[in-house]
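Have a look at the structure below, then the notes.
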């Protein structure tokens, strides 16, 4: 596709309407020069471009011409925006805009806002954005970001080189990672302050070099498993203006700079002519650093937009014609823009994982042919870990003599489960030692003698049962104590009983006089009173949840026994089948004839195996459903317990806890007023940011970046 070209006229009160005509289609432009002495000289030209923007705003320019290119960059296509024209035609204003007025910001700030807003609106994209800023001044490369305060004052010399893929890079150029629009704008404004600027008759702020602000993007999807990374870059180029020395009237150093600028632009035009000429074998990219740096943008893998800035006054008509002729040549240059994709190294790992999965499926088929069912080689699921933990608990409690070993995976999972139980026992032992050291009473009875980590029947744990272990754990209340008894609410009225772990500690309310002159009540007694009054509904909800948990645990134990019994029957029937098969093979070997017909007994065994497997499957599914219901009931019990204790704490604080002493209030007031007071500038800046947030919140990053750059400049 050819390079896209649009023309932008600089707004002026002395626009040469009689010489420059913008057609109604806003794509065609005609320029007529005054009659020359030579009657054969051409004095009128008509060009057709991709757009002609006459007296257009910055917003119109961006949305009509630049926004589609930035959208393609986000898709993985390289992009370049070039501003070309004579000095004073508005190139820098088009690219950068005004840093004093948010609405007059240029292409670069708007592109940054577009890019980061797109990434925020698409959280499924994982992106890395880096920025670089280089200037070509007097045919020398200058890193505009190397002079930041965090950098060393001396920077290495910059060199252009070409990689194996033909892409051009600048060796030694700093490339900063930016995570937000504000960070990128800060680098842009800081680098802009380091550009070479001078004053002459046609431009009070004439940039004396070509600048290239580049954004490097790496974007990948978090949801897709393809592992493809889209890599792209966006060049935003502000070319120095071509100057006629007799008009600028520059001398000395400025004159030498003008000669460098005109020479590099002349080389750029030669490259454009070579690219637009059919059959031209050689393109002189290496004649200047500018053309070498823009090699990708001119005739390469890039989508390029040229903005031709013209100064539409009568005294600049010759320069206007020269600019438009150059733009017309550029429009003939073909580019081949493609999406740049790279394979993530993780993709190779996923391919290997797929191969491993295929091998595991083959192994499972081999086990099926060998009548080995139920053997898992994959990492265990939560339900499988839960079932294995039950088997291990039964083994530790001497309820089963042995556990059948099926695979290495099962043995590893069993070791992990044993480690969990060991850690649980160790933690409970340390807790018991701590309680004994503090003088507390340990639980007594069967629960105290049970092995650590092994649930004892209907005993309730602190929280819900973990799927991987089946052991109730959770975060106890702040006032919980380990006593094993129960607390009776209100002398038994209503039969509302809660375990001691549900009741708050009695040591929380024993200090000083209570609010309103009422002495503080022991927390255990207060808790019993609360459950009979304001907290009756919370207590009933918790009791019902605990009953549900108890019922589901009992049902789970029965289902687990049914599953184990079905598994035992399957193993027994399979052993009998193997014996019948061996007997049949022995008869065939003795008679010398193959006997493939099974007898009635073997057929009956096959039917029994089929029925046993069906029963095993049904019982296993019911067990999984019961585990899910048990987990839901445990969560409900946790929620009810937390709400009960929270409501009790609030009720107890309102009823019995004394208010804060006057000294504490004075200390809080002193602490609140003891911070550093803001000066007038800080207060003004805070008010201004508040106003920006209220009126134009989208401009906050722009305003903050501008303020931080100006503040840093003042300090330096």
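Here the Cβ of each residue, glycine as well, is placed from N, Cα and C on the backbone.
Looking at 398-422, 473-497, 498-522, 523-547, the range annotated in TrEMBL as region 'Disordered' turns out to be 498-522. Checking the ranges 332-353, 354-375, 376-397, 442-463 against TrEMBL, the region 'Disordered' annotation falls on 442-463. Neighbour density for residue 88 (ATP binding site): within 10 A of its CB lie 24 other CB atoms from the protein chains shown. In sequence order, 8, 10, 309, 311 make up the list of same-chain residues 6 or more apart from residue 90 (ATP binding site) whose Cβ falls under 8 Å from its Cβ. Reduced to three states, the DSSP call for residue 90 (ATP binding site) is coil. All chains included, 26 other C-beta atoms sit within 10 angstroms of the C-beta of residue 91 (ATP binding site). Here the Cβ of residue 89 (ATP binding site) has 27 other Cβ atoms within 10 Å, regardless of which shown protein chain they belong to.
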